[in-house]
Amino acid sequence: MPMQGAQRKLLGSLNSTPTATSNPGLAANHTGAPCLEVSIPDGLFLSLGLVSLVENVLVVAAIAKNRNLHSSMYYFICCLALSDLLVSGSNMLETAIILLLEAGTLATRASVVQQLHNTIDVLTCSSMLCSLCFLGAIAVDRYISIFYALRYHSIMTLPRAQRAIAAIWVASVLSSTLFITYYDHAAVLLCLVVFFLAMLVLMAVLYVHMLARACQHAQGIIRLHNRQLPAHKGFGLRGAATLTILLGIFFLCWGPFFLHLTLVVFCPQHLTCNCIFKNFKVFLTLIICNTIIDPLIYAFRSQELRRTLKEVLLCSSW
């Protein structure tokens, strides 16, 4: 096919991403040594994206329906769901276009394919940046609600939350546009990696501090009721386990993608790095999995939201 080169560019969400070989299993590098390549079937990738779409649409619908959820905290959760929805939706759209092009069902000019490629890249990148930003915003919001409880409603007012949300969306779109335009500059990729590490450190510091405050509060209650300290230790262990799971899932799902960007900068031609590049779709799949997990961690744990969600589902079934 004369357009095959243009079509294959759509395989990555980043222009600088080396494309993987089409054969699953062990692929050979330039020296003939085996190189582990994990194949992600397109059907599985699209199915995970569909699950993410449904979950996050339900979160957005539930928050929009219930006025009791119209607070800064739930606005951040709603925007996280919306950005996760765009992450999964843009990747599904890209995969669907690739399949249609390769099957010959969708016939178009190479210039149109390139424009689609750039548009989807900007959408994917901006939604990823938004998702990371709103994860950080949720952590900041929870930190303020714990350490400045009496002043929380005066600090996190709706106008301030709305301005922060608008700033995140605008900054993410502008940054992603610059990133796609100057994708071949190492400084751009390093800025994205530094941004990810900054979000990871921010979340870790805030949640560890919140856990320490919760343990102090639990210890004070135990002493007030003259109970034994092992109960406090059990609370601390549960809190530490929850924190480990939260940060571990974040790092596991997002870390490989930014490791990929780091290797693109520092060892684009190294044989080991080339083996890692072949698993780029696995890294995207992990991010899609994170968009599935986010509603479970940040949204569905709310009893009010779950009750509203049931109402939404019951209304849609009639």
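Yeah, the Cβs are placed from backbone N, Cα and C, and that goes for glycine too.
The transmembrane segment annotation in TrEMBL covers 44-63 (among others).
Annotation source TrEMBL lists domain 'G-protein coupled receptors family 1 profile' at 55-298.
Among the features that TrEMBL reports, transmembrane segment is placed at 75-100 (among others).
The transmembrane segment annotation in TrEMBL covers 120-140 (among others).
Same-chain residues lying 6+ beyond the ends of the transmembrane segment (161-180) with a Cβ under 8 Å from its Cβ atoms: 15, 72, 75-76, 79, 118, 121-122, 125-130, 133-134, 137, 188, 192. Here TrEMBL flags 161-180 (among others) as transmembrane segment.
Per TrEMBL, transmembrane segment is recorded for 186-214 (among others).
With a threshold of 8 Å between CB atoms, the same-chain residues lying at least 6 positions outside the transmembrane segment (235-259) that come near it are 132, 135, 192-193, 196-197, 200, 203-204, 207-208, 211, 214-215, 218, 276, 282-284, 286-287, 289-290, 293, 297. Annotation comment: TrEMBL describes 235-259 (among others) as transmembrane segment.
Look at TrEMBL and you will find 279-300 (among others) tagged as transmembrane segment.
Summed and averaged per residue, pLDDT over the domain 'G-protein coupled receptors family 1 profile' (55-298) gives 86.
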